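Here is the structure we will look at, set down as structure tokens.
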Amino acid sequence: MASPPDPYDFQRHLSDAGCFASDGETELIGRIDISGHDGAYGTDGQNRHNAPPTEGTRGYRGGDATPAAAGQDAGSVQLNLSYGSDRNAMIVSGSSRSPNHGSQPIQQLATIGTEGYFFVRAAGGAGGNGGRGGDGGPGSRGYRGRNATRFSSGTNGGPGGDGGDAGNPTDGKPGGDGGDAVIAVHENDQGLLMLVKGNLAAGDMGFAGEPGRGGHGGPGGPGGSSYHWTERRSYRDSQGRTQTRTIMRSNPGGVSGPSGRDGRTSGYRARDGWPGSVGTFKIVVVDDQGRQRTYDSPYDLELVTFDVASEYTILEPDSLVSIDNLTVRNCGGMPTPPNYMVRIYLDSDQWLHCDGVDLVISHSIAPEQTHTFDTRGLRLRLGDYVVDEPRKRAFRLRHPVSPQASLESGIGRSFRQFENGEDLNIRFPIELMSITCLNSLAPGESTRVIWGVTNIGDEPFDQKYLYRAVRSHARLLGGDLDPGQIVFFDDTNQPYDLVSSAFEKRVGELPPGETTIIETRIGIRESADAIPYQGFALGVDLDLQRPKSSQTHDQYRCVDYRKTFIRVSERYLREPGSRFLLIANEKTTTTDIDQWTQLADYFGSSLDVWDVSYYGFLDLIRAVDHDKSLLQQWTGMTIIIPNNYYQTPDGSTVAFNQLAKSQFLRAAADHDINFYIVGDSRIGGEQMLSMSLIPVSDEKKPSQLKSQQDFLQAVRRWNQYVARSHEVVGGITSNAQDLADVSLGAVHQFDINRRTMLFQPKAEWLEAEAKRLQRKLSKDDPLHRWIIVHRYDTGDTDTEWGFFKQRQIGKIEVRRTLDATKGSAVLYEVDGIDAIDRDFITSKANKHGIFLALKFEDKVDRFIRLVSERTFPRYSEHYVDRPLSDEEVRQIGGELVDSILTDLFNEQRVARTCKTWGPFGVRTIMPKLNYLAERSLNYGVTYRQMLENDVSLGLLYELVANVRYMAVKSKTVWDHALIPTSFFKRSRAVSNFMLDRSDRIVTNIFGRYPGWWDRITGAGDDYDPFGSSRVKEPQGIARKTADDRIHAIETELYAAQVGIEKYATAQDHPGLTYDPELLGEQVRVMTGKQYDQLVLAEARASRQRYETEKAVQAERSDLLVPLSTPQAIESQIQVSLPTP
């Protein structure tokens, strides 16, 4: 039986005894407990688990639960309160009647002290919960049927016994009533009532018991077994000879009997009990003549309202504040005692320093009567605060002020319901405006530094007598830029040595609500020592004299402090040896540049930088350097975009948002530019990249292709051209002007009409038609990806029903996006805490992302060079090539192998589903594997070289073994040679071609291994007449060794059961996403409404890009001052028009 819960966990007080009521007290000076006991729980009925021993017998009935017990009523108590001999103790006398011990006298002495209460507990007991009905037992199995014999059939099994019925539960019982308490006190000792608290709550109800479950019916008995026998009979055939034949005979057995029915659940529905009644409370006040006055609850005070008056309109730290017009009300049921003083006070803390003079009430306040202190208040001084470090916004503090009340005259207990506080809004009367300046400066440039001082109070400030004075300073707060490269000009445009001392500006007359503007200038010298992306922090503070009431009112204190960071920007310069362009912003630090440069050096390149914060735009088409665009300058290269938030005059943004979708697709498809996007996972880069893969244009150019058939025919012709020219990937295929309609970004719009038997087709039919076209393109043209938009539009056609009407259904638009095997964009998203890690840029995962973003040709060229020469170009070293250590070879080579296999996997996966070329011409659709095989033609390795370069050649073995493993594991059961149709399947042809190319690679490098006939008939002496080697290094030993090593790696892959999905993505590095993984077949079909929303979103983004650039240009035009002139003139930044 479950134990009853502790009643203290759920008791609640429902009496009207006012402040006497309490659930419990932690500090006690005495205690009386006359509570009732909780009722006992009903005992659960017995559950029956075993079936009766007799076959076919009904199960046992579950046991009935026993009744619960009601909660016990609390007792009653009559108490007399009086002082002891020295008024430091309270005498509690009287009598109590408890439910268990009857009537008993009470005589206790309680020390009053400074805390604690005398507690009377008279709560009713909780009603007991009813017991659960017992579960019925299962019925027994039916009897077994009689087996068949030679002379009789078997009989059926008997029926199973019925399940036993469940036992009945019992009702929950009512809770006990709360107790009755009467407290008597002399009218001169009414203050003692503040020391007594109690709980007269009613007992909670008991809950009904749960019904039991009936037992399961017993299974039917098995039927009797069948009986089989044979008989031999003799007969004479037609020739008179005696023949014998065997006859098989049988009698059937019986079938199993029916199962018994389940027993019934409990027939009785138990009911909950009900809570008891709340106890009663009464106070009896006796005067000197013995007359009595009765009350239902003690006196109590609550705070109604108060006013806050201050030294100034603004509640300023270290100023005086007064709590005036404080009004209190007696919310209790009896008057406050006239001979006890009530004290109203404030507790001091860090921000409220009270003067110790409290408010007192020395007279009685009747119930519901109020008292207002209209001539006195509580005085305090707000805590002091000095701004000692830069802040993002002005000082603000919301602090509660809540006066307290207590009954004094030896009692010292607070009125708990008194609190009704308000919040004080503490701030300074003057504040700094945000610093306005350029945060990115090239050497030789300076920026105006503007800040304002605003008076938000109603007090004027000035440097004159009787006014408080204000001053402001500008100072350098450190940074990694050499201070000697910083030039500062004061508010009169005169040079000032900011390194030696802070610049001070005293603010003159500053009326309420006005703002004083201070303008200086700071710049960076035109010097080679001004290192790009280093910077410095400039701080501006604001000092104000203390309030007049302060003892140090003539001293200044800092009331506001702001900081801005200015960095050295790098003007864009194209270096001939660079293959990486980093898109930097104002958040990019020198450490970031150093690490990205180190990473570029790891790949044998320098690093160029485009500072999007400095220029205000990221436009690949616009001419930026000698009439050349970034698109032209970075064809075939890699652009790295750190996708973190940075601030612009128009708000915060990320660099990838500054790149138009059309430019991104054009750069990736037509100019073979690879993008590596890295940033915080909270930005949503994967969704951003997916949407960028959809060509978005609101222009509708007339298409030469008027129907789906014409379009599919053009696609087939294009694929035939590609098969002949071997140009598989890319945007607009060169020398194919007649196929321009299938180039990237072209829009093909088809009218969809249909003759129907009766009704107008719905929009779902057009959607299904679009999906069918997408599936057909995925099979016929798998190397390319198409976006299909369907628009349901009936036009002017009659949509009513009719026989065989020609109906207009809508339009289908087809646009081409990046190819399925292109791999032009790699996204790496990490947690924000990882993105700011100082080792993140040079981490292994980030390097792996760069490897994936490289062109396939670059990967192969670096891999061949690494394997053949043990070199890897390092841009920053004095010599370009140097031998690498074994550890470097393993690290770099492993990354190259993984990224090459990822590209090859994507290529072979598409080739397997390609319908255009059928089982033949596989070579034309696998250019990457062909390039890898052809690059191996230029290298040959001897056996001695193999022994000397075991580590580097081990990478080649690993690559070839994985290509072979990928070829075999990608085949299905239908590609097996035992199935004749497999010889006509593309998948088998692709696997065979991969095996052939891998063999070609090994042959090109290690030569062929001579066959047995070549070994015994060869002109050399390496082999004896039986084909066995005579020398240590016979001809073909290099090839045989390579084959053995490759086979060993393949064996390990098969043993480990490596899944083919291992090559699909960079799974070992969570957060990396390759663009072929995005934009699945289902996503590439959308409605016209969805597509139009993307068009609108891109239009808004384009407008936002324009506004951002405009704001940056306007800010630079307003704030930029070349150091050669003393005032602002046009910016030195290249002026160019935004791309329309």
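Just so you know, glycine gets a Cβ as well, placed from its N, Cα and C.
For 127-142 (among others), the entry in TrEMBL reads compositional bias 'Gly residues'. With a threshold of 8 Å between CB atoms, the same-chain residues lying at least 6 positions outside the compositional bias 'Gly residues' (127-142) that come near it are 1, 4, 38-71, 157-176, 203-221, 257-258, 260, 263-264, 266, 268, 270, 273-276.
Taking DSSP states H, G and I as helix and E and B as strand, the compositional bias 'Gly residues' (155-166) has 0 helix, 0 strand, 12 coil. Among the features that TrEMBL reports, compositional bias 'Gly residues' is placed at 155-166 (among others).
Positions annotated as compositional bias 'Gly residues' by TrEMBL: 209-224 (among others). Within the same chain, residues 42, 44-45, 47-48, 51, 55-57, 59-60, 62, 65, 68, 129-148, 154-172, 253-266, 268-270 sit at least 6 positions outside the compositional bias 'Gly residues' (209-224) and bring their C-beta atoms closer than 8 Å to a C-beta of that stretch.
Taken from TrEMBL, the feature compositional bias 'Basic and acidic residues' applies to 229-239 (among others).
For the compositional bias 'Polar residues' (240-249), DSSP puts the residue distribution at 0 helix, 8 strand, 2 coil. Positions annotated as compositional bias 'Polar residues' by TrEMBL: 240-249.
Taking DSSP states H, G and I as helix and E and B as strand, the compositional bias 'Basic and acidic residues' (261-271) has 0 helix, 0 strand, 11 coil. Look at TrEMBL and you will find 261-271 (among others) tagged as compositional bias 'Basic and acidic residues'.
Here TrEMBL flags 301-428 as domain 'DUF7932'.
Residue counts for the region 'Disordered' (35-73) by DSSP state, with H, G and I taken as helix and E and B as strand, are 0 helix, 0 strand, 39 coil. Look at TrEMBL and you will find 35-73 (among others) tagged as region 'Disordered'.
According to TrEMBL, the feature region 'Disordered' maps to 127-182 (among others).
Residues or ranges marked as region 'Disordered' in TrEMBL: 207-271 (among others).
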(message) Could you tell me the mean pLDDT the prediction assigns to the domain 'DUF7932' (301-428)?
(response) 93
(message) At a C-beta cut-off of under 8 Å, are there same-chain residues at least 6 beyond the compositional bias 'Polar residues' (240-249) that contact it? List them, or none.
(response) 228-234
(message) Can you break down the domain 'DUF7932' (301-428) into helix, strand and coil residue counts using DSSP?
(response) 0 helix, 57 strand, 71 coil
(message) With Cβ-Cβ distances below 8 Å as the criterion, list the same-chain residues six or more beyond the ends of the region 'Disordered' (35-73) that contact it, or say none.
(response) 1-2, 4, 7, 99-100, 121-144, 158-177, 179, 203-204, 206, 209, 212, 215-216, 218, 221, 260, 263, 266, 273, 276
